[in-house]
Amino acid sequence: SFIFRLSPGDFVWVDTGTGVPIGAEVKVTDTGQIQLLDDEGKEHKLKKTNEKSIRPMHPTSVKGVDDMIRLGDLNEAGLLRNLLVRHKEGIIYTYTGSILVAVNPYQLLPIYTIEHVHMYTDRRLGELPPHVFSIADSCFFNMRRNRKNQCCVISGESGAGKTESTKLMLQFLAAVSGQRSWIEQQVLEANPILEAFGNAKTIRNDNSSRFGKYIDINFTKGGAIEGARIEQYLLEKSRVCRQAPDERNYHVFYYMLMGMSAEKKKILSLGNAAEYKYLTMGNCTSCEGRDDVKEYAHFQSALKILTFTENDLWEISKLLAAILHLGNVDFEEIILSDCATLLPQVDPKALGKGLTQRSFQTAREHVTKSLTSAQAMDGRDAFVKGIYGRLFIWIVEKINSAIYKPPDEENEAKQSIGLLDIFGFENFSKNSFEQLCINFANEQLQQFFVKHVFKLEQDEYARENIVWKHIDYQDNQRTLDVLASKSMNLLSLIDEESNFPKATDATLLQKMNQYHEKGGIYLPPKNNYETQFGIEHFAGKVFYDSQGFLEKNRDTLSSDLIKMLEKSTNKLLKQVFCNDLKSTSGIPDGKKRVPTLSGQFRQSLDSLMKTLTACQPYFIRCIKPNDFKKPMLFDRELCMRQLRYSGMMETIRIRKAGYPVRYTFDEFLTRYRVLLRTSICDPKTVRNKMVISAVFFQDHHDTMLEVERIKQLNVKALLIQKVLRGYKYRKEFLRKRSAAIVIQKYWRGHKGRKLYKVQLGFARLQAQVRSRQLHFQYKKRRQATLVVQTHVRGHLARKEWKRKRKAVILLQAHTRGILARKALEKMKRDVSCPLLRAMFLLFQMYLSAKRQSDQEMVDDMFDFLTLMPNTVGGQEGQAPMGYENFGGKRVIEEIDIDEIQMEEDLPNEDYDDLDEYSFAKFASMYFQGAATHTHIRQRLHQPLLYHEDEDDVLASLTVWWIILRFMGDLPEPKKRARVPSSQDLSKPATLQTVKEDPEVLTGESDTLDRPLTSLEKLHYIVGYAIVRPDLRDEIYCQICKQLHDNNNRTGFFRGWVLLSLCLGVFPPSERFIKYLQSFIRLAPSGYSSYCADRLRRTVMNGTREEPPSYLELQATKTKKPIVVTVMLMDNRSINLPVDSASTSKEICQLISNKINLKDSFGFSIYVALYAKVWALGSGREHVMDAISRCEQDTKRRGGQEQHAPWRLIFRKEIFTPWHNCSDDKLSTDLIYKQIIHGLKSGEYQCQKEDDYVDLAAKHLYIQHGSDSRPENVKDVVQDCISNSLLETKTESNWVQMVSTAHAQVSHTDSLKAEIVDYTRQKWPIFFSRFFEVAKLSGPPLPKSKFIVAINWTGITFLDEREKRLAELSFPEVMAVNAVSLVTLKGDFTLSGPSAADMAELITMFVSGLTERSQYAVALKEVEKQDATFLSFKKGELIMLIKDNDFSQDHGWVKGQNDRTKQTGAVPIDAITILLKAKCSGCFLFFQNLINLSPNQRKDIIQATMKETGTVGRIAPYSLKDFSDVNRQVISRNAAPERLWVHSREPMRQPLLKKLGAILDCCVPILKYMGDYPTKQQQNPLELTDQIFGPATKHDALRDEIYCQIMKQMTNNNNRFSMEHGWQLMWLSCGLFPPSQPLLKHAQRFLESRRREPLASDCLQRMQSSLRMEPRKLPPHHVELDAIQQNSTQIRHKIHFPNDTDEIFEVATNTRIKDLLLNISRKLELSSADGFSIFVKTNDKFLSLNETDYFFDSLRQITDWSKSVKRIDGGLVNYTVFFMRKLWFNVIPGRDTKADLIFHFPQELPKYLRGYHVCTKEEMLKIAALLFCIKVNSDKNQLVMIPKLLKELVPTDQLKAMSENEWKKVERLILESDEAKVAFLKAVHRWPTFGCAFFDVKQTSEQKFPDIVRIAISKQGLTIIHPKTKETLATHPFNRIANWSSGSTYFHMTIGNLVNGSKFLCETSLGYKMDDLISSYVNMYLSDRKTVQTRNRRFDI
């Protein structure tokens, strides 16, 4: 049998007969008796025959198991012994599946350190030994994994450890949140406050929670705590008035009496606890193990952390003191006499009356009744309980207001974890109404537990067809039915009786007996005299005393006391009673229904159960091991009872057999697909074999799968890495292998060939020959190199010598000149001899001849120039026809060349680098053959430069021949040219006079082979350059070549004159211009600047069309400016300076500025010669070309060029369509004079005589007013009437008609304007600008070559006889460019020499009319619901409103519908603006435009958008492709073709169907791109925030942003809108990438637009964003400013501690860590470790996290500053610093740059502020070093030591020595940098080196001073006395369990999480302390992980 097989050491179960079997160990079995030692230490001796009393113990029960599901002895004894064994070993936690059983150890165990927190973080349930941290981590993990709220129900008896478990859960969640934020600390510090007011010492527990609480902790998506909310349930208010023996009142009373200062206690009249009845009823005023003084300090700190003010604490103390005083009041039959000190700020009389009297309202009157002493005491107690209960509720609400953050949106779902810490099951000797409510709550929780674990579980197994054996369990539903569920339940009966005034506790008991006596759950009293009844609870029978049930349930206060409180001035008292005061105001006493206590409790309990039901629950069952609160004592009966009523046995059975973990098929496949051995898995095939809707697991299976999943993910990650690395290295290997094969191939070939040649015997011979050849070539090249070096060095030396010699000669010349002049003066004074006088005269004549020789050579060259008596051009000969008598008495004005700038300011050219562009260098690079750069005298065989055209080659040789003859290097031929015949002279002059004779090219014709004058040679040379542009560099090179080293003085000067003349006619090419400028610098005196200026002017104004005129040659001879006369129409002439490059535009501008002409447009220069007058215009035409033509025309007529009778006239050429005479009176006057002159000359002709008469009459009035004397009229007739008209009708007739008309002239001041307007309307063709063009394509015209006349009325096509071929008005012009004219009558393609000027003029008129137009016509119907937009129909007239509300550049104008008279924004692409200033006569144009086809109108509208944008083309790729491919994605509410193209109308719903909601980003995108009208310019940063802000928070919006931007950029013709669209695309690509479905479409969209400047950069940024995490915040204003300035490089200034700064490039995706490395590399630091980026604002100095993006961090800081300061707009000023933050591995001298830039400037202020402890000798040495740094070893500065003391010595040591003693500092001779390093080495020896110091105010430690100094360094946190600098405490980082900071506080917990000491200090720099501690801790943790990883790698 079993008993005979026992041996010592075996374990058995022993049935004692008194309870469950007990475990025992076999000791002795040999004696015939079995000696056993049970678990309680008792010995049992059993006979072997009594084997039924023992049975074997399963091995799992011997040592115990972590999870009781794995017990082999699955019975009550097995459970109990498992807990007992583990309890003895100090293991208090045990699993039952996922349920944690916690046994109270009644001692502090070392299992709650921060190391345990890290150990249990992110570990699955069951991986580690059972722990409360594991449950907390599972809650946190499942919340984040399943996105479902979690809850943890912590249950157990009073004293089982529920409160401590709740606090530990909170501590773990705060630690695992990882933020160490202030809100976390506030959540943690809410517990001390609640415990102070809601916990008390009971006989079972020293810190018993006398209320229930549910803490709902809210988390962000990232897992950080963002708030919490606390719900309280059923505070035990009766404890305030009565306590059981050996129990205390609430902790807060004892805290206050022990911890409050004596002064405050005196004010409140408080003593010690023994003096107050409310505190001594339990005969216990102290609690062992609790320090009330210390707890009061912690209580005060917690209040501060929870934003309670000092005044709040004082008001609370006053109410608590009042409660104590009220408890000491004794009531007698007389009225209370003195109530002044009982309740503050309450009328004493009213208080006394309210406590001793009770008033009633009867039907007739108000009755007051005095109370008995017992009644008064009951009333007082009720009042006190009311005060305390309501004060507790107010405190909870105050805490919630501090820690609870309501959701931003109503439907926003928050992730949360709820912790329920509620009172356990209670069964006392006397149980009252409170115990009934408590036990009812426990019944509800038990039912929740049963329902979750048993009912729902088994029901679901049945639904899923899981094979399952039903398990019976104890269901307490019947108990709940009796208590609260069924009708007439106990709680409803209590409520019903409470509403009857005459009901008593006895009547209540009778009703309960009546309804529930026979149910079995309700246990009635044994007889009618007993007041107790019983309830069969799940934990056993409990008997309740019904006395006081109704009074406690009513929980009402006397109305007299409530009314008394209404008159109180105590604000806190009114706040806590605010609901009571509101309920009583205005409601009669008998009509109000006050909610009962049980009703309120049931309501809050129902709410709690709903909350728990919606969460995934976890359970912690707390077990109390004994009733004596002693450690290591295990009461088996007590524990067994708790296990029974907790249903643990049934829980184990169902958990062991059940499947608590479940997934849907998709969830299961998604999560665990990595575990499959195949890639093929179809969930549909699996469902047939498994359960119906989900996959079910047991707990250990889930844990096993999770562990395996993590392992497989690691394996797969390693596999991916292995494959990618293999691919990378294989690719690299193949590349190297391929390269090696190539090298091998060539090497083997080379080696084979070499071997083959050696074998043939030729290799050696070849080697010898080649070596000799190479040696010979080397020697030859070396010699050549030496020759070149010799010549170069000689040339440089000679050049230098010549320069010095020239300088010396110049100096000598000046010196000798001075001496000679002095001698000359002396000779003049001293000479008396006639001989000496004669010699002196001869010497003077010699000098004069020498000076004149150079000028004579120039004069000889210009010998053909006759002496012109008049040097001003435009005054020679007889005036042209029509201008003979014009201006007989003229007023001549002059423009000084020094006062007038003839051209725009040009940038100063850089001539410093012209030394590199020598002519010799150009010749060596570009000259052909053996041509050199030096002067020669023979003809060339080929041109100097290469020419492709053979004619250019011949022409180059001809020009060379002429240049040689011009410079005298070749003689003139002897042949004579024939005399020109009269026929040649009669040829008319043409506009283009330079012609090319083909025979001239050969040089053999009679044209050149004859003697030529210098002028003829010049014309030939210049003429070739004008006609053949490719010859211009050739000509300049030929001239420069002949000038270089030319020793012939005459030829040298003739060459420079030729060069200067050429420079005024044509410019060189870009290739040669620098070399020519360099050559000009070598010109002789007077020519260098002259030639340089002519070259600059010619380059600026372009090539001339004619050779130099006679006037230019005359000016070149004298090197003076050319002066010409320009006549004005008002008898004024202006002499102005011009040059060869002057244009008509420059002259018009000069004249306009001179005469102050404002309206200068349309005025031009006219040229008059003989009978011809033509307009030179006001553009790029050269004035000297016109003068040259006039001279040539004169020469053809037989005259002389110098006497050509040309005139320049300044007059009106063309009017603008919007011309207004009132704009400029001077302009009107000039035009008026021009009209009068035109009438006289016959230029302007009227059809009727009346018109002449009318004009003459007005002219008469203008000249003479109302004076119409005959002589005046006669003068006017002579002025206005042409000679031909005077011949047809006599002068007297004209005089009479004019006189008659003069009398009828209206006398106004605007007669001149009327004449001008009449002429403008009458003769528009005479005020036109003409252009010669040829039609290339377009509508048919009679001729293809014609003249285009443009005037203010429109465009007219004329033939050579001025016959009109076609007419166009400006409204008919749709678009203009350089070659085409798009009109309603067709598209004309025109070409001509001035086509660009014509297009420019038309564009200006059309644009001007558009800007001034007030009307537009609608091209399409627009219906808008938005009031901002204007609605109109097609063809309606829109009146434009010019008030700048909307920007036309953005494509919007403000308009008014002429039909509806409504105003609003109008899109420009929906209208066409009428080119009319007024609306009349426009409707024909409307009809023409409206009747066009849509395609024609589209083309026309796109062509007219030049001013608002570019002509768009359909994008090669658009969203249409995306919508075609993803039809299920794109919304179909709009027309398909409009979904993906640009639109100005905001969308009513998103493009992406999956969003399904109205977007807020659509309108901001339109506004940013200018596609939506805005009256006020909105800040671009605000718009980008609205666009990208939601997308950075919600991933689903990102694709929508991309789609919206791409949509607006498709078919968008607005340039402004496109630019801003690309800016948005650039920003978007840097913030986040599109999703995979949209990615390839977005890439193709960008790739198809690569020509756009930002397209390639957008592609690159998109690829980068795919590899990195998306940004968390919208763009920073620095990013926005950069892209708005078209800069894709973002630069930011970084400051350093030594007051220096540098600019660094920062990309959008640059992280702080990358920037740190970049800065350290640029500064050449040895390492970036320990450095950080700081941002300084006005009130903060914040360190940035290394892992964050740089611009996200900046944005977060600036946004926070804005929110704090409530800045709506504008920017926050900030500065970015790079500094050392962590001082580890800092050894002075190791990294000098870091020492000088960072370490010294950061450590010096700490030393000078006196933070360090140093000796006098150290201080003197450091002072010497700092003085050396200040004065740089200047010994003379020693006297300045007293003034510099504050910069040399710590502030607290300034008075340690006298000034004289300080002067005796050691004098060091060191460089400044050396002294700085020496200072650091001296400071480095101190333990406080590298510390960050903070002076704070603390209240936590009584032993410390109020103000302490905290030093944080790599060693930890040190608390220092600020005055004595004594170390008060040192806390290493591993001892700091928790820390956090608020706005004005810093808090940390030192030691264990359970009872660690807390330290709270007040400081505004708490955020710095928090950041420093976190940084140091993270540094040590990362180092530890690195070491662990390295060790693990070595172990492998």
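Each residue, glycine too, has its Cβ placed from N, Cα and C.
Sequence-distant neighbours of T163 (ATP binding site) (same chain, 6+ residues apart, CB-CB distance under 8 A): E195, N199, N207, S209, D421. Annotated ATP binding site per TrEMBL: G156, E157, S158, G159, A160, G161, K162, T163, in sequence order.
Annotated domain 'Myosin motor' per TrEMBL: 63-677, in sequence order.
Here TrEMBL flags 935-1117 (among others) as domain 'MyTH4'.
Mean pLDDT of the predicted structure over the domain 'FERM' (1122-1434): 87. Residues annotated as domain 'FERM' in TrEMBL: 1122-1434 (among others).
Marked as domain 'SH3' by TrEMBL: 1411-1476.
Residues or ranges marked as domain 'MyTH4' by TrEMBL: 1542-1684 (among others).
According to TrEMBL, the domain 'FERM' annotation covers 1690-1984 (among others).
Residues or ranges marked as domain 'PID' in TrEMBL: 1908-1937. Break the domain 'PID' (1908-1937) down by DSSP state and the numbers are 3 helix, 18 strand, 9 coil.
What TrEMBL records for 605-627 is region 'Actin-binding'. Sequence-distant contacts of the region 'Actin-binding' (605-627) (same chain, at least 6 residues past either end, Cβ-Cβ under 8 Å): 83, 87, 96, 98-106, 132, 135, 138-139, 142, 146, 148-162, 165, 203-204, 214, 216, 231, 233, 418, 420, 424, 440-441, 444, 448-449, 452, 633-635, 638-639, 642-643, 646, 648.
Other than the site residues G156, E157, S158, G159, A160, G161, K162, T163, same-chain residues with C-beta atoms no more than 8 angstroms from the centre of those residues' C-beta atoms, the ATP site, are N104, N205, S208, G424, C622, K624. Each of 63-677, 935-1117, 1122-1434, 1542-1684 was scored by its Cβ pairs under 8 Å to the domain 'FERM' (1690-1984), and the highest score goes to 63-677. Less than 8 angstroms from the CB of G156 (ATP binding site) sit A102, K162, G424, R621, C622, I623, K624, Q642, each of them six or more residues away in the same chain. Long-range Cβ neighbours of G161 (ATP binding site) (same chain, at least 6 residues apart, Cβ-Cβ under 8 Å): A102, N104, C622, K624. Of all the binding-site residues listed (G159, K162), K162 sits in the most crowded Cβ setting, with the most other Cβ atoms within 10 Å. Non-local contacts of E157 (ATP binding site) by the CB criterion (under 8 A, 6+ apart in sequence, same chain) comprise R204, G424, F425, E426, C622, K624, Q642. For S158 (ATP binding site), the count of additional Cβ atoms within 10 Å of its Cβ stands at 21 [all protein chains shown]. According to DSSP, the region 'Actin-binding' (605-627) comprises 9 helix, 8 strand, 6 coil.
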